[in-house]
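For reference, the structure is listed below as structure tokens.
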């Protein structure tokens, strides 16, 4: 994607909606530095007077290869080629959380060469940008979200060394035959078929229900409507158990089913994986904002480059979705998911 601005302007645009996401003053400060060519070290400091319980899953604290940074080569954003999640918003296990005590600093490291192509090498601008989902100390349910933006740094990356890291990462992606059998096959097939119905209803509603378009996508412009309709039509085409561009798996393929993850997608490989939590969920639901098997499939399908190539922004659930900008909503997997569920239920 071509940008006419550098990283500072890009991050300002992305953060415009994210900045209002914090309903409380949650004092987490993120700083990054680059070491060993393409390794990023991040420190997250709680400068407040009380502990904060944040969701690790899908965030900069996650050990999996989720999107943790924005990288620019001049005016071009370097494409992210890692994992996109669907994360549960309620009933998360203790392992999904990180408690950051008052005054404590948590340090994490990740290698951006694993999920970005730096083969040509050169100078890059890097910053960490995202959200932390927050829960009460005695709860496994997400109740708010906090946006963060780190310092911006310039780094010179050796393409040859970065390519070695990337080759090692790609070698871990071992493709196997589909393992969806028995009840898991039945559940997955039913969910895919139901996903198609969800998408078809949503595509129709996007053209006629301006109130819902405003509520979820914050726009009723012809451009926004066209984007939403096109995306849902592509979802409907992809939600086909015997066709489509993606491969569906019922067991973890790359070790990414961490606590709280319902399913994940590797867009560059057109792989979608349903994690164990997926198979404990209902196929569908008449609850307004329920997480179900069918809308999980819909969520993951939007991540496919053939459909929309959406992002998560580590923003899950209605409360967080409402605080994004229109531009973010139009490229946000859970916005499409929540819209489709609302249209189905009529809420």
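Glycine is no exception: its Cβ is also placed from the backbone N, Cα and C atoms.
According to Swiss-Prot, the protein carries these features:
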- 1-19: signal peptide (SIGNAL)
- 180-250: disulfide bond (DISULFID)
- 257-275: disulfide bond (DISULFID)
- 299, 303: Zn(2+) binding site (BINDING)
- 300: active site (ACT_SITE)
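Overlay of Swiss-Prot feature records on the structure.
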| residue | record | Cβ contacts under 8 Å, 6 or more apart |
| --- | --- | --- |
| 180 | disulfide bond | 188, 248, 249, 250 |
| 257 | disulfide bond | 264, 273, 275, 276 |
| 299 | Zn(2+) binding site | 86, 263, 333, 334, 336, 337 |
| 300 | active site | 84, 86, 263, 264, 265, 272, 333 |
| 303 | Zn(2+) binding site | 84, 265, 267, 309, 310, 333 |
Candidate with the highest Cβ count within 10 Å, taken from the disulfide-bonded residues 250, 275: 275
Three-class DSSP secondary structure - residue 180 (disulfide bond): coil
For residue 257 (disulfide bond), the three-state class that DSSP assigns: coil
Residue 299 (Zn(2+) binding site) in three-state DSSP notation: helix
